[in-house]
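According to TrEMBL, the protein carries these features:
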{"type": "DOMAIN", "residues": "1-29", "note": "domain 'F-box'"}
{"type": "REPEAT", "residues": "155-190", "note": "repeat 'WD'"}
C-alpha cells in the first residue's frame, strides 16, 4: 500500500529508486481521484511519474490547494474554455483567446498568445478538437478555426443563438434557442452543408457526440418537451431513445458529457448530477448526486474514473465528488461577496480552472 511503499523508499537510495517505479504505483493510482487513469486503464498523463500523481491526488481528496485569480475583465460575461496541453482557450465576448500555461505550473501568462475572432456577438460555446476550434455564437453562426494557420470557415447555422456545439469525425452538431439541433458536414466540397435538422420542440442548452460517432445527445430546457435528454441517430437524424422519465417542468440540462460510449453524465436546473449507463437502462440513471445547497449546476467534468467536478449557479461554488460516495467531498467558494455562476471548469492532474462572470480562478493542488 501507499504507506508501505513510502517507508520502503526511506531505507536507502536503491530501494527509493525501486519503490518509485510507475509499475508499483499504477494499481494504487487507479483507485485514486484524478490520478490520470481512466476506468479502462488509459494513462492520460504519461509524462508525470505515477507516484507524484498519487501524492497530488491526496490534495484533491482533502481540498488542499492554493487559490489564485489569474484573469479579470471589467464587464460580466458568460465565458467558456478548453484546456489543451500548454494552452488554455477562453472565450471573452465575441473572441476566443489562447493563453499559454506557465511551464513551472504557477498559472498562465496574462497576455494571450493568439486571438480567434469571427462572431459579431458573444461566443456561447466552443470545442477544441484535433487542432481545430469550432464555436457557436449569439449571432447564429458557426465558425471553424485551424489553430496553427490562417484557415477559417464561417457559416450561418441557426435563426437564433447557437447555445452549444460539438465536433468529431468531420461532423459538427449544434443546438440553438430556435428549438432545433443540426448536423453539419466538414468533408471536402461539403463544408457547412446541413445534413439533418432535428426538431427538438425545446431550446437546446447542451449537446455531445458519442465516442462511437453513431449518435449524439441533446439536453434541452424541459419546457416544451417532457424529456430533456434525448439521443439521436447520426445517419437518419431520427430519435433513438429518451433518457429518464421523472423530470420536472423546467428541469433543463445545461451540460452533458460522454465518459465512454455507454456512460454519460448530465446536470442542470434541477440541482442533480446524473450518471447514465445506456447498456442497462434508459429510464433511470444508475447514480445521482444532489447539490447540497439546492443550486442549479451549470457545468460538470470527470477524470474518466472516480472524480466529478461541478460548477454551481451561486457564489462560484465548485464541488468535487467521488462516484463511490453519496456526499460531496470538497467545496470551494470562488466569488464573494458578489454572486456568480461557474460557467465552465476544466482540470488537469494538478490544476483546476473555473471561469466566472468576471474572472478566471485557478486552484493549484500541487501545494502541500
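Cβ atoms are placed via backbone N, Cα and C, with glycine included.
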For the domain 'F-box' (1-29), could you work out the same-chain residues 6 or more beyond its ends whose Cβ comes under 8 Å from its Cβ atoms? 35-37, 49-51, 53-54, 57
Per-state residue totals over the domain 'F-box' (1-29) - DSSP helix, strand, coil: 22 helix, 0 strand, 7 coil
So what's the mean pLDDT when you look at the repeat 'WD' (155-190)? 93
